Amino acid sequence: TLFQSPEDGWQLYTSAQAPDGKCVCTAVIPVQNSCSRDGRSRELRQLMEKVQNVSQSMEVLELRTFRDLQYVRNTESLMRSLDSRLRAADGARSLSVKSFQELKDRMTELLPLSSVLEQYKADTRTIVRLREEVRNLSASLAAIQEEMGAFDYEELQQRVLVLEARLHACAQKLGCGKLTGVSNPITIRAMGSRFGSWMTDTMAPSADSRVWYMDGYYKGRRVLEFRTLGDFVKGQNFIQHLLPQPWAGTGHVVYNGSLFYNKYQSNVVVKYHFRSRSVLVQRSLPGAGYNNTFPYSWGGFSDMDLMVDESGLWAVYTTNQNAGNIVVSRLDPHTLEVMRSWDTGYPKRSAGEAFMICGVLYVTNSHLAGAKVYFAYFTNTSSYEYTDVPFHNQYSHISMLDYNPRERALYTWNNGHQVLYNVTLFHVISTAGGP
């Protein structure tokens, strides 16, 4: 583990899935108030060790017995031959020198048989000892089984259900954490031009896997909606939305059934509702730069980057008043009004891309090969730190990088490729109860 012997609470690392598709959760138990083993637990552990020792001894005996039996079988024919020769010699009452030497050679071949028989005697004593150990183990296990038998199947099943409910509640509390790792890239599809964006709805239920696709970084109005991720991969089963106003950049996001995007040649944020195919609201961000005034290092009219995390809708941009440093604003998703803003002090033109996780802005140092998550700004404490979280920029030109809290994954448009990264978050849960 990365953090040895935590003192302040349970430390957990969670990520969406491992390469085999299973969820991953690694826990580091605190030194204080760690789980203690009662007498029954120690007894069970000792029993398991004894069972393992008996099992290993039995395996050794089995292998040795198999080897010795093979030797006995091979010498059986030799013993028959010796017996017949001796009977013939006894009947004739004479034995030539040559025949005597042959019998002597055969007897030499049988000499190891005595050591094999001695080993059998030792093994017999071992088997008696093992039989006694097995008898004791059986008695101990029977006592434990009788104790556990006090719980019938229904009660055990109810306990399992309660544990599952507690685990689910714990998982809900583990929604937020600090970014500690980014997985290898998963290329979903290669489609479109060098720049663009693609996304799923961060607020949709898990059964809703629709994908939205927007090619290009300026003047675009065509949004493709695919029914499922599988349909997106195959390029089938989609409908087209034609936006009433064109977009700028690639910092769009789908949130609760609506597309939020930056209107072309303006600092206006537009909320377009897919079902009604209409603009519900639009509002300018006061003082926000636009039209390549304060883009990311790759350009592309990326002055305004809209994103969603566990706590809601955000806008990342900058203003002349902030001297080109990144501003993070929390937006009301219904009115698009700015609820609160933070000046991160990080120059936006030096940033490759950025994304929000759990109220923390993470900034990459480049959009090219060798990029890593280099800077983190914490809105809850209005503080920052420099980080070093590498990730494999497989196609060497990222023009869109957004976090989806529903799937705990980063969506990326990388040089005409649509790519996913799973993320690992670090949590500390207080031993006093609750994260």
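Cβ atoms here come from the backbone N, Cα and C positions, even for glycine.
For Cys176, the disulfide partner named by TrEMBL among Cys23, Cys358 is Cys358. Taking the disulfide-bonded residues Cys176, Cys358 in turn and counting surrounding C-beta atoms within 10 angstroms, the largest count is reached at Cys358. The coiled coil (127-173) scores a mean pLDDT of 63 in the predicted structure.
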